[in-house]
Amino acid sequence: MPQTLHVHSRVKDYDILFTDHVLKTLADCLGERKQRKLLFITDQTVYHLYQTLFEEFAQQYNAFVHVCPPGGQSKSLERVSAIYDQLIAENFSKKDMIVTIGGGVVGDLGGFVAATYYRGIPYIQIPTTLLSQVDSSIGGKVGVHFKGLTNMIGSIYPPEAIIISTTFLETLPQREFSCGISEMLKIGFIHDRPLFQQLRDFQKETDKQGLERLIYQSISNKKRIVEQDEFENGLRMSLNFGHTLGHAIESLCHHDFYHHGEAIAIGMVVDAKLAVSKGLLPKEDLDSLLQVFERYQLPTTLERADVSATSLFDVFKTDKKNSEQHIIFILPTETGFTTLAINKDDHQFVEKLDSLL
């Protein structure tokens, strides 16, 4: 596997570094900044799993650690404020740095703090879940939730580097592994059908090198899309396949019911059903999607939670992808994707949605 992918950004170019030696790669990334202060942002789960790693960080660097509770509740302005307090108390300057080490929540949270503290300080991402490695860490999106609305406050603020190590995945629970596969299937279904087919046939237990290749292929796809449309005006919108409904599910349901990748899987199924109903996607493609989700134990319906189509539709109206009058869905097609604009007052669509859930 190649060791580095270089991402071109209108904000700031950065490298994605693949390694089995996180400490050495981080030291190489820091360069002369080794002498500066570092704040490592992580969550309790990662901190306890890799406490010896954090102890090594403390020995080698002028390092501080901020440990968040696990889960999406940490993507909040209250947590941002707590991290600001620590940065101020330790007298962090614009030349000091944040290092996030955790899943998507930690990366989004730490990146948002980095983007806003002193109007921007450098940061490095070390994603530890499959989902964060192939999706949320790539592309510079950072942000937090606000009043129950997913990723309502945020920015595009690329890191100095992203360090990818599949060794972290050895401690990842199967449910979280499947959530990462969900995002890989998303990009494969829209942009890279050979990747989708490889994921359909992949045997995790016997093919570690195969997993590394699939991760690299997924990241390469997202890199290509982000470089062409960093600010989500066209092509990058395709990566929201499944996300209009998925984000609404996350807003209305407790995290225990549906994790991010699971909510997105349900969203993809509904988007694909809409596409089939409009003659945009062959029924066989929908069936293939359902089969691979079943193989990875990803949900395809809302049976775990009592959520109505009406309540989902109300949340749709606050989605950041929307135009002034329309709710935007991303529908897969036989050759790519298209957008579907639903009027915010179209209550007949609520009935249609209810029939698809």
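Cβ atoms are placed via backbone N, Cα and C, with glycine included.
NAD(+) binds Gly104, Val105, Val106, Gly107, Asp108, Thr128, Thr129, Phe168, Leu169, Glu170, Thr171 as Swiss-Prot records it, and from the list Lys141, Lys147, Lys186 the residue named for this site is Lys141. The record from Swiss-Prot ties Glu183, His260 to Zn(2+), and of the options His243, His326 it ties His243 to that site too. Contacts of Thr129 (NAD(+) binding site) defined by a Cβ separation under 8 A and a same-chain sequence distance of 6+ are given as Gly102, Gly103, Gly104, Phe168, Leu169, Leu172, Glu176, Cys179, Gly180, in order along the sequence. Asp108 (NAD(+) binding site): 26 other CB atoms within 10 A of its CB, across all protein chains. Same-chain neighbours of the Zn(2+) site beyond Glu183, His243, His260, judged by a C-beta within 8 angstroms of the site's C-beta center, are, in sequence order, Leu131, Asp135, Cys179, Ser182, Lys186, Gly242, Gly246, Gly261, Ala263, Ile264, Gly267. When the Cα of Asp108 (NAD(+) binding site) is compared against those of the binding-site residues Glu183, His243, His260, the shortest separation belongs to His260. All protein chains included, Glu183 (Zn(2+) binding site) registers 26 other Cβ atoms within 10 Å of its own Cβ.
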